[in-house]
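Note sheet for the following structure.
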Amino acid sequence: MEAILEQYKQVTEAQVKVWFKAAAVEAFPKNAGACIKYRDKQIAVFNFARKNKWYACQNLCPHKMEMVLARGLTGAEGDIPKVACPLHKRTFSLETGENLNADLPPIATYPVKIQDGFVYVGFAE
Amino acid sequence: MKKVIVIGNGMVGYKFCEKLIAKAPAGSILLTVFGEEIRPAYDRVHLSEYFSGKTAEELSLAPRSWYHEKGIRLFTGELVTEIRPDKKTIITHRGQSFAYDALVIATGSRPFVPPIDGVNKSGVFVYRTIEDLEAITAYGQKIAGGKRPKAAVMGGGLLGLEAAKALVDMELETHVIEFAPRLMPRQLDEAGADLLRETIEKMGIQVHTSKQTTLIGGNGRIQELQFADGSSLDLEMLVISAGIRPRDELAKNSGLTTGPRGGILIDGTCRTSHRDIFAIGEVALYQEQIYGLVAPGYDMAEVTAEQILGGDKNMVDQIDMSTKLKLMGVEVASFGEHFAPSPARSIVFEDKYAGIYKRINISEDGSKLLGGILVGDAGDYNMLLQIAQNGMTLPPNPEDLILGSRGGDSQAFGSVLDLPDSAQICACESVTKGDICSAIVDQNCESVKSITKCTKATSGCGGCKPMVADLLDATLKSMGKTVKQTICEHFPYSRQELFDLILVKEIKDYDTALDEIGHGHGCETCKPALASVFASVYNETATVQEAIQDTNDRFLANIQRNGSYSVVPRIPGGEITPDKLIVIGQVAKKYDLYSKITGGQRIDLFGAKLHELPEIWAELIAAGFESGHAYGKALRTVKSCVGSTWCRFGMDESVSFAIDLENRYKGIRAPHKIKGGVSGCIRECAEARCKDFGVIATENGWNLYVCGNGGAKPVHAQLLAESINREDCIRYIDRFLIYYIKTAAPLTRTAAWLEKLEGGIDYLRQIVVEDRLGIAGELEEQMNGLIDTYSCEWKEVVDNPELKRRFAHFVNSDNEDDNMAFVGMRDQKMPRPW
C-alpha cells in the first residue's frame, strides 16, 4: 500500500523536467478540482478562478489511501489555499502539501502553468 | 453526627433534603425520611401533565438512587404514627422507633371533602396524588360508552380547573361547580373571573357558580348532584377539589400547638411549640395562614435547613402569594395586593374580543405598583411582579404598564438591568438577580442552561425563564460580549442571518456572496452551508453551483469508503411494484452493485464507479424512478406501516399519506437530512416518533409529532398538534419545515435545533399552530414555492451531455480508476478493507 504513496514526491518549479500538457482550461471546473492521469499517477488539479491561480497535488489522500482529493472542496485557511478530502474532511495546504487539521504526512504538490489555453503540470521525471 | 428526621416526602420535604444536604458539611448529618406514598417525591404542581402523557417517572423530582447517593435513608410507604417530643423519638406504624436531634414535619395537606351526604359513593374522587389520577382515569374509561358521559368538578379554584382540564381530555362532558359567585375567588376579581369563565365556556366546560351542593345522589354509585337552590345535575363522576386541610393530626396528638382551624403553629424560624421540631409546607400555620403554594414552602425548607445548621435565617414578614399559571391554555396571574387595597387607584384594561383582562393597583400618589391581576395575557407578569416587589418608580403614565408605551421609543418597563441586585427572579429556588448576574460574570455562564446549572434558577415552575434569558442577554451586552454564532472565518454571520441576507440582497451565487457579505476565498464549511441556503431560497438543484457542493451533492451520490458511490432511487412510502423491483435488480446485476435494504424502506446499491453513475441513472429514470436524495441534506424518506388498507388495526391510510408527504417534500434542501414517518395507529410500526416529523392516526384524526431522531443521540419526537385533519397536518408540517430550514444552524437536526430554541416545543407550537408571529402564511407560501419548482436533478444530468461529463474520473483519459478494488463477501462485493 505504501508503494503507491512512494510514487508521489513533491516537485518544485525548479525541479521540473517535464511540463505535461494535461487538457484544455475549459475541461477543468472553476473553483473546484478535477483529476488527470500522467503515466501511472493520478494528479488532482485545482482552478482557483477567483484568484486566477492553479494548483496540483496527488489525488491520493494519505489518510485512507483512496484516490479522492480531486473531488474535495477547495478553500482557504487564512491565506493558505487548501483542499478538504471528501471522505473525512482532512485538509491539506496546496502550497506546501502540509496537513492542516491532523497529523498526517504531507501530500506531494506539483507546479502548474497555463499556456495557450492549456493546463500543464510539472514533473521531475 | 446530627440526626435529622423528615416526616413527609412531598415537594417541600424533598426540597428540604436537597437544601440540607447541599449546605451541611459532608458526614455531619444523618438524614432519615419517611414518606407515606409508595413513590419518592414527585412534582405535584405539574400533576395534570400525567393526563397528557407524562409518566410517574418523569414527574419524579429525584430517583431513589439520588437519596442513596446522598446518604439519605428513605422509607416510602411508611407512616409515622407517633412523635414523643420528650424522648425525641418517632414511632412508625411498624412499631419501630427512631431518635432525632431535629425533626421536620412536612406532612402537607389532604383534600378537603365537604360533609355532604353521599360523598362515599363510587365515582366520587379527590385530586391530589398519582393514585387519585390513576383511579380517575380508570373510572373514566369504565363509564366511557357510546354516549358522552357527564362529569363534574366541585370547586372552581386553581386545582379544580386543572382537574376540569383532565376531564375534558378524557372526552367527558365537563361541569365545574363553584360555591362562590365566581371562579378562582382567591386570585381573581369579578371582572377577571368573568372573562376566564367566558373563555373556558367556549372550550365546552359548563360553569355553575353560587352553587351549594346538598346531596350526592345515586344508588351505590354517583348519579346526580342536588343543590341548595333546588336544581340538580345528572352525572356519572365527580372530582372534589374544594380546598385543602393541613395534615396536622400527628402533631396534634403529640401535643404540638395547632391553630383553631388546623395547621401546626410556627414562628419565623419555622419552629413549632417544641424547639427541636420544625414544620414546613402546607401543614405549617404561619402568620395565621396556610400557604397552598410551593414557593413559600420552599422558603420554609430553606429557613429550616439554615436553622438546623445553626444559621439565623428567618421567614420574610410578607409571604408572596403571587402566582402565574396556564389553565387550559389561558394565562392567569395575580401578584402583590391584587384586590383593590385602599387607599389605592386601579387601572383596568379589558378586551373581551381577545379574551384579555388586566388590572393594576397603584398607590394613591401614583408612585408605586401594589399588585394586579392578569387574565388571557400574562406576558408581563415577571416584570410587573419585580416592579411591585422592589418598589420601583413607575413611568409617568402608569397605564403604559399594561397598555404598553404608545408613541415614542421609551419602554414602559425600562431594562431588566435596572432591577436591584436583591430582586428575586426565581421564587421557587430563591435566586436573586445578583446571583444570576454573578453566574454570568464570574462563572462565565453564557446560556440559560448553564445559569440553571449554576444557580438552579428556572428549575422549579420555569416561569422565570424569559426573564433569566433577558437578564443573560442584557448582562452579556453590558460586558461587551456578543455571543455570535458565525459559520466560519469567511462569513461573520449565523446561517439564519445568511439566509436573510441572501434573500433580501437577492444574492444568486456563492462568489457574489463572498464579495458582498463575506471575505477571502471560502472553505469546506461555508460552501455547503451556502449551497443549502441557495437551495432553500431559489430551490436550485445541486447541479447549478457544483463547485460549492459537498462531494455527495456534487456527484449526486453517496461516497463510500473506497471512493465508489452508492445509488438510492426514491421509493415513496416504501411502496414498490414488482416491475420496478425487477428493474432495480436488473440494474444492480448489470453494474455488479452490492444491494441492501435501507432503514428507510428503500434499496441502496453500492460500489458504482463515478463514471457509471449517469448510465445507471439513465436506466433507472427510464423505468420511472427519481433521485432519492440520499446524498443530500434533504428529505430522505417518509417511512410507513401498511395502515388501514391492509392492517386490521389501522385507523387510517398511512401508506397513502406517507407517499403524498414524501412526494410533497422530495428534493427540498435543509440544514441537515430530514426523515418522516406515518403510522396507521398507535402501535406505531413506522416508528414515526423517531423522525423529524411523524404522523400517527388515531380515532379522532392525526397526531403530529416533530423533532425526533435516531442516531447517536436518540430523541423522541414531541406532540405538536393532536386530532387534526390531513390538510391541517400538511399545513403544519409545511410551516414547521420552512421555519426549521430558515433558522437552524448548519448541520443541525430538528431535535438539536428544538433543544436550542428558546421556549421549546411550546414556542414552536405558538409559531406553527397558533401563528403567534403572523408568519404562517409566508412560511406556507415559501414551501409551496419550493414544491412548485421541484425537479429531479438526476433527470437533468442524464438529459444533458455537458453535465454528464462531470462524472469522468480523469479529464484527460477515458481510463477508470485502477486503484479502486473490491473483494467478495456473501456472494456480493465489498470494498477492499483499509
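Including glycine, each Cβ sits where the backbone N, Cα and C put it.
For B:2-289, the entry in TrEMBL reads domain 'FAD/NAD(P)-binding'.
The annotation domain 'NADH-rubredoxin oxidoreductase C-terminal' is assigned in TrEMBL to B:322-387. Model confidence over the domain 'NADH-rubredoxin oxidoreductase C-terminal' (B:322-387) is summarised by a mean pLDDT of 85.
DSSP places the residues of the domain 'BFD-like [2Fe-2S]-binding' (B:425-473) in helix, strand and coil in these numbers: 26 helix, 4 strand, 19 coil. The domain 'BFD-like [2Fe-2S]-binding' annotation in TrEMBL covers B:425-473.
Summarising the annotation, TrEMBL assigns domain 'Nitrite/Sulfite reductase ferredoxin-like' to B:559-622. The DSSP breakdown of the domain 'Nitrite/Sulfite reductase ferredoxin-like' (B:559-622) into helical (H, G, I), extended (E, B) and coil residues amounts to 29 helix, 15 strand, 20 coil.
Sequence annotations record features per position, and here TrEMBL assigns domain 'Nitrite/sulphite reductase 4Fe-4S' to B:632-774.
Per TrEMBL, the feature [4Fe-4S] cluster binding site maps to B:Cys641, B:Cys647, B:Cys681, B:Cys685. Secondary structure from DSSP puts B:Cys681 ([4Fe-4S] cluster binding site) in coil.
All protein chains considered, the CB of B:Cys685 ([4Fe-4S] cluster binding site) has 18 other CB atoms within 10 Å. Annotated siroheme binding site per TrEMBL: B:Cys685, in sequence order.
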Structural state census, the domain 'Nitrite/sulphite reductase 4Fe-4S' (B:632-774) (DSSP three-state): 52 helix, 35 strand, 56 coil
Cβ atoms near B:Cys647 ([4Fe-4S] cluster binding site) (within 10 Å, other residues, all chains): 16
Non-site residues, in chain order, whose CB comes within 8 A of the mean position of the CB atoms of B:Cys641, B:Cys647, B:Cys681, B:Cys685 at [4Fe-4S] cluster: B:Val642, B:Gly643, B:Phe649, B:Gly650, B:Ser654, B:Ser679, B:Gly680, B:Arg683, B:Glu684, B:Ala686
Range from B:2-289, B:322-387, B:632-774 with most C-beta pairs under 8 A to the domain 'Nitrite/Sulfite reductase ferredoxin-like' (B:559-622): B:632-774
Per-state residue totals over the domain 'NADH-rubredoxin oxidoreductase C-terminal' (B:322-387) - DSSP helix, strand, coil: 7 helix, 35 strand, 24 coil
Position of peak Cβ density within 10 Å, selected from the binding-site residues B:Cys641, B:Cys681: B:Cys641
